[in-house]
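**Q** Handing you this structure, nothing more for now.
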Amino acid sequence: MDFYYLPGSAPCRSVLMTAKALGIELNKKLLNLQAGEHLKPEFLKINPQHTIPTLVDGDFALWESRAIMVYLVEKYGKNDSLFPKCPKKRAVINQRLYFDMGTLYKSFADYYYPQIFAKAPADPELYKKMEAAFDFLNTFLEGHQYVAGDSLTVADLALLASVSTFEVAGFDFSKYANVAKWYANAKTVAPGFDENWEGCLEFKKFFN
């Protein structure tokens, strides 16, 4: 399977951790966005939305990290522990995945990306949205070791990729006790966290 990615990208790193958890070897293809490689005709033919991560499994192409994670588990998982078949458990996992995409990671992108890529000043109102997102996550984790149930799922891997990116950006989430406790545990139990952290440090260069 070909996997088009950037190591600094949190969505890409969440897929890499999922593949590691499943014991899948991906043929990693580095895509240089700054050089416009994602806009070349050969890549647009694979993914007309020209985004990363993008997975190519035979004649099937898929993008959007959370969709890729679920696809890999459903097709290649030896069991359903990362994405249980129980409708209620699966619904909670999906909610957490959508929360990551639409609230938590979005708050990161909205606050930090203009500063990184457009040299814009920090917006205190957008900072408050990041704090609100962490408040929600902290509430979700009340009384729970994992973000969606009693064991590690794709929701943990997606949120771990995001939260570790907040860490290298310098966002202090220590005051969110449940998040801090979950993060400390998730780092030790998530397969492939070392590679995830290497990608985080790559991304951190944007802040130097």
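Just so you know, glycine gets a Cβ as well, placed from its N, Cα and C.
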**Q** Looking at Swiss-Prot, which one out of SER9, SER81, SER107 binds glutathione in the same site as HIS50, THR51, ILE52, GLU64, SER65, ARG66?
**A** SER9
**Q** Can you tell which of SER9, SER65 has the least company, meaning the fewest other C-beta atoms within 10 angstroms of its C-beta, among these binding-site residues?
**A** SER9
